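The domain 'Transketolase N-terminal' annotation in TrEMBL covers 144-309. Per TrEMBL, Mg(2+) binding site is recorded for Asp241, Asn271, Gln273. For 491-712, the entry in TrEMBL reads domain 'Pyruvate dehydrogenase E1 component middle'. For 730-862, the entry in TrEMBL reads domain 'Transketolase-like C-terminal'.
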Amino acid sequence: MSFNDQDPFAPVTADLDPQETAEWLESLDAVAAKHGRGRAREIMQSLLRRSHELQLNVPLVPTTDYINTISPEDEPKFPGDEAIERTYRAWMRWNAAVMVHRAQRPGIAVGGHISSFASSASLYEVGFNHFFNGHDHPAGADQIFVQGHASPGPYARAFLEGRISADEMDNFRQEKSRPKPGRGLPSYPHPRLMPDFWQFPTVSMGLGPINAIYQAQFNRYLQGRGFKDTSAQHVWAFLGDGELDEVESRGALQLAANEGLDNLTFVVNANLQRLDGPVRGNGKIIQELESFFRGAGWNVIKVIWGREWDALLANDHDGALVNLMNRTPDGDYQTYKTESGAFVRENFFARDPRTLKLVEGMTDDAIWDLKRGGHDYNKIFAAYQAAVNHKGQPTVIIAKTIKGYGLGKSFEGRNATHQMKKMTLENLKDFRDAMRVPISDAQLEADPYQPPYFKPSEDSPELQYMHERRRELGGYLPERRTNFVSFALPEEKAYAVPRAGSGNQEVATTMAFVRMLKDLLKADGTGERIQMIIPDEARTFGMDAFFPTAKIYNPNGQKYMSVDRDLLLSYKEANNGQILHTGINEAGSMAAFTASGTSYATHGQPIIPIYVFYSMFGFQRTADQVWLAGDQMARGFMIGATAGRTTLTGEGLQHADGHSLVIASTNAAVVAYDPAYGYEIAHITKAGLERMYGGNHPDPNVMYYLTVYNEPMLQPAEPENVDVEGILRGMHLISKNPADGHKAQILASGVSVPWALEAQQLLIEWGVSADVWSVTSWGELRRDGLVCDEKKFLYPNEVAPMSYVTQRLADSKGPKLGVSDFMHAVPDMIRPWVPGSYATLGADGFGFSDTRPAARRHFKIDGPSIAVRVLEQLVEKEKIAPSVPQQAIDKYRLHDVNAGTSGSAGGDA
Ligand SMILES: Cc1ncc(C[n+]2csc(CCOP(=O)(O)OP(=O)(O)O)c2C)c(N)n1
Ligand SMILES: [Mg+2]
C-alpha cells in the first residue's frame, strides 16, 4: 500500500529496519534536547547535503506535519463579535437547509444540496464578515467563486440581508414554474439565469479553479493595459477537495505562481469527502494538496485543527500526537466524526499510550468537542489575513471540515451525505436545536415538509451587525453589475482591405482575417480594447507580425536578451502587452477568454477577446468551458483557424476539424459562421462588434465563432450591392448562372465555395445551369427556421412566418445540394426548410494525412463530386437521362483519389 513514497508523512512509509531507524531518531532527539533545535537543524541540513552527494535520491520534503501552518501564537486577534456572527451563521444554515428541504415536498422533489454548505459555512462567513469587498468599496469589488453546490448558502445570506424574499426561496430550482411571486432561484451559480446576482458559474467541477486563476491574471492585465487600478481587488475561489482531482483544477497552477498572483486565494473545503465517499480514504488529501501546490510555487496554509486542540498540541512534548495525526488516514478521520467521543478516545488517542495519556483528563464530550480548523473563526480569520498579506505568490488555504457539519448523526460524515436533501422530523428538531433557531416543535410538526424559514426583525442586533459589516466592506455580494464605459466602434475604413479583395494574390481566409485585425487594432476606441489570445500558434496564423507592436503581455516585462532582437518581427514581451500568449494551453485560453469577455460586467471595462486557435483543438477540447463562458455571458470572437477536414490534411486525423461547427451549434451563446471570402468576414466581424457593443441588440451576450482556412485562393472584391443581410443571416447568392439549361442550386460554405464554383463550370458541359450560394452560417439559418417552426406550432391560427432559407430559395429552380468541408450534419442543419429536393455532401469519419485534392476526392466533396451529385439529383427529377451520372463518374474518374484536382498542394499548418 504505497501512496507517495516521497512523503515521509504518508500513513505508510517503508522501513526495512525499524530498530536501526529508532537509534538514529534517538540520536537526533538527543541532539535537539541537548544542543537545541538550531543545532539539530544544522545536522539535518548537513546530512541532507551528504545524501545528495551520495545520490541517495532523498526527496525535498514538500509536506509539513499534519497541523495548522499558523501557530496559535501567531494568530491575530479575531476582530469581530464571534458570538453574534455565529448566531446569524446558524440561522443562515437553517434557512439554506430548509430551502432545499422544502423543495423536496411531494410533487416537486427538485433536488439540492445541504451538506456542502454545512461544511463550509464558516469559511464563507469569515470572508463575508471581514474580507470580501463589495462593488461600492473604493478599492473595487473582490471576485468570489462560490462552490457550485454550496449555492444555498449565499441564497440564505441574501435572504437574511433582504435581497431575496421567502417566496423566492420557495422558487429554488423552479425557475419557470415559480410557485410563488418573484424570481426563480437557479440550482447553481448561473449569471445567465440570475444576472443581477451571480458573477461566476462554477458548478462544472474544475472550471472554477482555472477560471479564478485567469481572472486574477486578467485583473493584472487590465491594470497593465492602463484601464483600471485593480491592485486591491482579490479573487477568492472556494473549491471542493474532490473537485481538485479535475485536471483543470490543477493544470494551471504554474501560471498563478509564475506571475506571482498574490491577488488570488484558493480556499479548499477539505471535508475529506466527495459525492460517493472519501476523497483519499487510504491517504491524506490535505497533505497531497500541500505538496502539490507547494511544488507548483504556491503559498500553502493548512487549517486543520480548531482552537480546542491548541492546548493538547502544546503539551505534546514528545511529538506523539503530531505523529499520530500524521499517520492517521483520512478514512479514519471521516469515521471518527460519525461516532462519538468515546470512540475517538479508543480508536485514535489510544493508538499510542502517550496520546491516550494526553486526554486522560478530558471527558468523552470534551473529546467530541475537539473541532476541525475549518469550523473555527479564529483559525480561518488568521489564514485569510495571512493570505491577503502574503506577497509574491498565490495562496491556497486548505481547511479541514466535516461534510454535513451540524446536521446530526445521519448526515455528518456519512458517505451518502452529499445527496441527502430531505430531513426527517427528528432531523429537523435536532438541527433546529443545534442551530438554536427559535422555532417550536409545533411549528415543525404542523407540516414537516414545510418547516418555516427564520428571519428576525430588521432591528435585531444580529441583522444590524450583519448589515454593518457589509456596509463597511462596500455592499452585498454576490452581486453582478453591468454598467460599463462606452467606446467608439471602428469606422468603415477598418474593414476596407478584405472588402477590396486580394487582386492577383492568393490569400487564405485566415490571412484575410489577420490582415483585417491589423486595421481593427488601429481603430480609435476599439483597437486598444482588443485582447488577442493565442495558444502558441501565432506563427501558424501569421500573427507573429503583431509581436513587436502589440507585444505579448508579461507582468515581468522582458528581462532576457531576446534571440531575435535584431529581427523586424522580434518576440517582444511587456507588462502592458496586448497579446495574451497562453502557451500550448487551450483550456487556459478559454479561461482567459471568459475573464476578458466578461470584463464589461466584472470591471465595467469592455475588453474584446479575439481568441485564435487551431480549429480542431478549440471546441472539441474545451466545449464545456465555452458553455461556461456562455453562462457567464462573455462577449468576444473565437476564430477557428486552419479549419475544415481537408485544408489541413497534411496533419492528419487529429488535426482535421470536420465537426467544430456541429459542437458550436449546440451552444446557444455561440453565433457560428463559415465564411468563404474576406469581404464576408469583414461584414460578419463588424456586425458582431455592433451586436456586442453597439447598444442596439436585445441579446448582446454572444460569442462569434468564425471558421477560417489556410487554403490560399484569390479573394474576390466585394460585389456591388452585396447582400449584407444575406451574409449576416446565413446565405447569399454569389453566382447566378444566366445560361440556359436545367437549373440547380449549390449551397456551399467556407472552403467548399471554390469547388462549388468549379462544379458550376463542369456542369455547363452537361447542359446544367447551376447557381452558387455562399452559406455563411448553417447554424443561424437553422435557428431562424426553428423559431419559425415554433411559432407555427404554437399559434396555428396565425399566419406562419416563413424561414429565411425557404424565403431565399422559394423562387430558385432545380434541386438543391449542400456542401461544406465539414461532416454531413452541418449542411443537414437546414434540411427541413429547403424547398424541393435537397442532398448533402460532407466529410464524415476521421481525417487522414494526404494532399488536399486527394482528401477532397476521398470525401467526395471536390468540384467533380459536386457536379456528379447534382446530375444524380436531376436524374431523380427525370430532367436528364439516367445514364449521365455514370458517364460523368467515368469521365472524372471519381473513384480514383489520384484524379482529384480541387485545390492547391499543401495542407500543413
Ligand atoms: C465536471 C463535473 N463532474 C461531476 C459533477 C457532479 N458533482 C457535483 S458535486 C460533486 C462532488 C463534490 O465533491 P467535493 O468537490 O469534494 O465538494 P464537497 O461537496 O465535498 O464540498 C460531484 C461529483 C459536477 N458538478 N461537475
Ligand atoms: Mg469534499
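Backbone N, Cα and C define each Cβ position, glycine as well.
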* Structure fact -> One finds that other Cβ atoms within 10 Å of the Cβ of Asn271 (Mg(2+) binding site) number exactly 31
* Structure fact -> Cβ proximity for Asp241 (Mg(2+) binding site), under 8 A, sequence spacing 6+, ordered by residue number, returns Val268, Asn269, Ala270, Asn271, Leu272, Gln273, Arg274, Val279, Ile285, Ile286, Leu289, Ile398
* How many other Cβ atoms sit within 10 Å of the Cβ of Gln273 (Mg(2+) binding site)? -> 29
* Asked: Of the residues in the domain 'Transketolase-like C-terminal' (730-862), how many are helix, strand and coil by DSSP?
  -> 53 helix, 28 strand, 52 coil
* Across the domain 'Transketolase-like C-terminal' (730-862), average pLDDT on the 0 to 100 scale -> 97
